[in-house]
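Below is one structure, written out as structure tokens; the observations come after it.
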Amino acid sequence: MAAPGPVNPEAPFDPSKTPVIEGFSPTVYSNPESFKEKFIRKTRENPMVPIGCLGTAAALSYGLYCFHRGQSHRSQIMMRTRIAAQGFTVVAILLGLAASAMKSRP
């Protein structure tokens, strides 16, 4: 077997700098977004996801409250409602991904 030859990089590796990849832009936005701005943008792009998340949290909270109060039948109903709300959220995420994939096609 032949030993590999020495590697002569064109420029030394500098870990403090972001690597430059031709044709790749790490962000499509020129200025960095704050958490609030990103949340508002993502909510406008797919408003069903936050609605599903709020529904899931509400069903979970009320179900736990009913469980604590000893209302086991209502607690079971709310846990099933929570599962339905989680399913709604997952479907909303998948539909949002499909819509953004179709939008980005040439």
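Residue numbers in this text run from 1 along the chain shown.
Each residue, glycine too, has its Cβ placed from N, Cα and C.
Please treat TrEMBL annotations as automatic predictions, because they have not gone through curation.
Per TrEMBL, the features are as follows:
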DOMAIN    20-106  domain 'HIG1'
TRANSMEM  48-67  transmembrane segment
TRANSMEM  83-102  transmembrane segment
Whole-number mean of pLDDT values that fall within the domain 'HIG1' (20-106): 88
Composition by DSSP (helix, strand, coil) of residues within the domain 'HIG1' (20-106): 66 helix, 0 strand, 21 coil
